[in-house]
Amino acid sequence: MTMPPLTLYLAAPRGFCAGVDRAIKIVEMALEKWGAPVYVRHEIVHNKFVVDRLRDMGAVFVEELDEAPTDRPVIFSAHGVPKAIPAEAERRNMVYVDATCPLVSKVHLEAERHHENGLQMIMIGHAGHPETVGTMGQLPEGEVLLVETVEDVAGLEVRDPERLAYITQTTLSIDDTAAIVAALRERFPAIAIPRKEDICYATTNRQGAVKAIAGRIDALLVIGAPNSSNSKRLVEVGRAAGCRVAQLVQRATDIDWEALQGATSVGVAAGASAPEVLVDEVIAAFRARFDTTVKAVETVKERVEFKVPRILREPAETP
């Protein structure tokens, strides 16, 4: 039986960013150093495949610190945590490792610096996302105002329009954020802007990679978790760039093949917490149904690496 021809365009960069890679290594090295169980507050990264693999190795995922015993190490997720969390871990004499992405930590430090200079903070982000909760939790309650949309800007009530600064979640849509920033600067001309864009290199690169293939494809598949902010943004970027069909899938088994009927070219992208093995799985699923040609489209090479915390490079002690 002859299979219909189809071209798969693989967007690159895709998949693991340096912060995700570091966070996963932290859990693996902690298990190697201290043995199982090692506790992790919140999913280390938003990907079920990754979390399940680490759970099989002996990681125990909890949502709150009080679910972890005080005599076992605990790791904080890549998204960052409010200041109160490590303070509470220290109060309980717990061994903890902070896997917060260094680029998220940069935003934390930026918020603290502005606060120390007497500026009120405005954060562009998604309410309830762990990164937003963690960043807002670096400052006293009420010191950070959250905006999610351009419309939110009009309703902001600030202490002093001359004493403001803004920061952003690192995984936002570049285009949407630019519109919100423009609205902030129009309403508050004196607002202090970040020294460097808070949206991280990996988010920027992955959105750019989707835009680069959007004009060549009939449909887009983004491999990522439904709670992954950067993966959901890739779907939105694809739709905004003209992709009639744009699906977010965790595994190849999630693909809606009916929606792909008639497609002769499909783009594949992957969020920053999706491992390459899941991309391979999707390619295999297409090869089983189509005479598939695979073309990689790389927009930039990524060479960023982050070191793991010193505590994991030191000899083990009983926690």
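The backbone N, Cα and C atoms fix where each Cβ goes, glycine too.
The [4Fe-4S] cluster binding site annotation in Swiss-Prot covers Cys17, Cys101, Cys200 and is backed by sequence analysis. A C-beta separation below 8 Å, combined with a sequence spacing of at least six in one chain, links Cys17 ([4Fe-4S] cluster binding site) to Cys200, Tyr201, Ala202, Ala272, Ser273, Glu302, Val304.
Annotation comment: Swiss-Prot describes His46, His79, His129, Ser228, Ser229, Asn230, Ser273 as dimethylallyl diphosphate binding site, evidence class sequence analysis. Secondary structure at His46 (dimethylallyl diphosphate binding site), taken from DSSP and collapsed to helix, strand or coil, is coil.
Ser273 (dimethylallyl diphosphate binding site) falls outside any helix or strand according to DSSP and counts as coil. Among the features that Swiss-Prot reports, isopentenyl diphosphate binding site is placed at His46, His79, His129, Ser228, Ser229, Asn230, Ser273.
If you look up Swiss-Prot, you'll see His46, His79, His129, Thr170, Ser228, Ser229, Asn230, Ser273 marked as (2E)-4-hydroxy-3-methylbut-2-enyl diphosphate binding site, on the strength of sequence analysis. Taking a C-beta cut-off of under 8 Å and a sequence gap of six or more, Thr170 ((2E)-4-hydroxy-3-methylbut-2-enyl diphosphate binding site) has these contacts in its own chain: Cys101, Leu103, Val104, Val107, Glu131, Asp198, Ile199, Cys200, Thr203.
Annotation source Swiss-Prot lists active site, proton donor at Glu131, citing sequence analysis.
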Within 10 angstroms of the C-beta of His46 (dimethylallyl diphosphate binding site), what count of other C-beta atoms is obtained when all protein chains are considered?
28
Rounded to whole angstrom, what's the largest C-alpha distance between any two of His46, His79, His129, Ser228, Ser229, Asn230, Ser273, listed as binding isopentenyl diphosphate?
15
Counting only residues 6+ away in sequence within the same chain, which have a CB under 8 Å from the CB of Ser229 (dimethylallyl diphosphate binding site)?
His46, His126, His129, Glu131, Gln169, Thr171, Leu172
Using DSSP with the three-state reduction, classify His129 (dimethylallyl diphosphate binding site) as helix, strand or coil.
coil
